[in-house]
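**Q** This structure is in structure tokens; I'll ask about it shortly.
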Amino acid sequence: MITSSAPGKIFLFGEHAVVYGKTAIACAIDLRAHVTVEEAPTVQMKGPGGSVDLNPRKHPYIYSVVEKFKGFTDVTGVNIDIHSDIPVGSGLGSSAAVTIATIKALDAYYGTNLTLEDIAHMGHQVESEVQGRASPTDTFVSTFGGMVQIPDRKKLGFYDMLIVIGNTGKFSSTRKIVSNVAALKERHPIVIGQIMDTISAISETGIEFIQEGDFHTVGELMNINQGLLDSIGVGSKELSELVYASRKAGALGSKITGAGGGGCMIALCEHKNLSRVAHAIKRAGGDSFICRTSHVGVRIESK
Ligand SMILES: Nc1ncnc2c1ncn2[C@@H]1O[C@H](COP(=O)(O)OP(=O)(O)OP(=O)(O)O)[C@@H](O)[C@H]1O
Ligand SMILES: C[C@@](O)(CCO)CC(=O)[O-]
Ligand SMILES: [Mg+2]
């Protein structure tokens, strides 16, 4: 029996722009997906009611991972059991964390000796196939941990940041939201293209202030980024309510993280304001919890 785990992620800046090759800054957080694999007669998924054969419609990401392993190793029967503390469909990279942790567990189980680069690359292929379009961000962060700059695939090291996550509780499918933005960009290529360029500039400027530890300015740039995400149609009434409630309660900056349309927002806070911001988000109708950035990427937890 082998267990692996991989982290979820937040976007400090640059989601959606990164799909068009612009710069984004993302960071692993201390919420993780755990995947346990053990011998079984066929390739199965463990669920609440017991183990069932892997179903591509129910588990498209896991199915795609297994199909890739069939391309380079003898895939004998294996039972895959997933336990994740990452809210699903909430912009925190649950699909990437589950994908990367599954790749890592199967790599150890079948002895295929994949490098971290191989794992990140395979994970990106999986997300792209399942979602129709995906940047490498989520899977790269889940693989390497820490803070990263995409598309340059630069590992920026680790910056200890306290984040309040506000969850609207509204599921949003990354695939659908990303395709909506693509359609908008088709209709207004110059305008949306310039918005993506501006988001890219925010990411590139933001790196310097993160490295200097100037989190007041990082927060200001997050707020500007949030306005631009609203302009490409990925905001929502619920997300805006949580964003403005967190700012009123003292957040340095707050914005959507991930695909938007529902899901989560993040608020960058000083330690003294964490609980006040978390309570303000709850009063505004969201669920809130405090998380920390993490330097830990995908790893084997036990063999
Ligand atoms: N615990 C889990 N077990 C099995 N599959 C999971 C689990 N968590 C997430 N998934 C898969 O990931 C899908 C959600 O991925 P999606 O990309 O839509 O949202 P997300 O990754 O949480 O948010 P974002 O991509 O915006 O960061 C689920 O529909 C499911 O297929
Ligand atoms: C919306 C998006 O930029 C982030 C989803 O977490 C899509 C992607 O990067 O694949
Ligand atoms: Mg996802």
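Don't overthink the numbers, they just go from 1 along the chain as shown.
Cβ from N, Cα, C; glycine included.
Pulled these features from TrEMBL for this protein:
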ACT_SITE  Asp138  active site, proton acceptor
BINDING   Pro87, Val88, Gly89, Ser90, Gly91, Leu92, Gly93, Ser94, Ser95, Ala96, Ala97  ATP binding site
DOMAIN    61-146  domain 'GHMP kinase N-terminal'
DOMAIN    208-285  domain 'GHMP kinase C-terminal'
**Q** Over the span of the domain 'GHMP kinase N-terminal' (61-146), how high is the average pLDDT in this prediction?
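**A** Within the domain 'GHMP kinase N-terminal' (61-146), the model's average pLDDT equals 95.
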**Q** Is it possible to list how many residues within the domain 'GHMP kinase C-terminal' (208-285) are helical, extended or coil according to DSSP?
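**A** Helix, strand, coil within the domain 'GHMP kinase C-terminal' (208-285): 47 helix, 9 strand, 22 coil.
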**Q** Which binding-site residues among Pro87, Gly93, Ala97 have CB under 6 Å of ligand 1?
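**A** Listed by sequence, the hits are Gly93.
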**Q** So for Pro87 (ATP binding site), how many other CB atoms are inside 10 Å of its CB?
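**A** A 10 Å sphere around the Cβ of Pro87 (ATP binding site) contains 19 other Cβ atoms.
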**Q** For the domain 'GHMP kinase N-terminal' (61-146), what does DSSP give as the number of helix, strand and coil residues?
**A** 51 helix, 7 strand, 28 coil
**Q** Those binding-site residues, Pro87, Gly89, Gly91, Ser95, Ala97: which ones have a Cβ sitting under 6 Å from ligand 3?
**A** Ser95
**Q** Taking ligand 2 as the reference and 6 angstroms as the Cβ limit (strictly under), which recorded positions among Pro87, Gly89, Ser95, Ala97, Asp138 are close?
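**A** From Pro87, Gly89, Ser95, Ala97, Asp138, counting a Cβ under 6 Å from ligand 2 as near, the near ones are Asp138.
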**Q** What is the set of residues, excluding Pro87, Val88, Gly89, Ser90, Gly91, Leu92, Gly93, Ser94, Ser95, Ala96, Ala97, whose C-beta falls within 8 angstroms of the centroid of the C-beta atoms at the ATP site?
**A** Gly8, Ile86, Gly258, Gly263
**Q** Counting all other Cβ atoms within 10 Å across every protein chain shown, which of the binding-site residues Gly89, Gly93 scores highest?
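**A** Result of the Cβ crowding comparison: Gly93.
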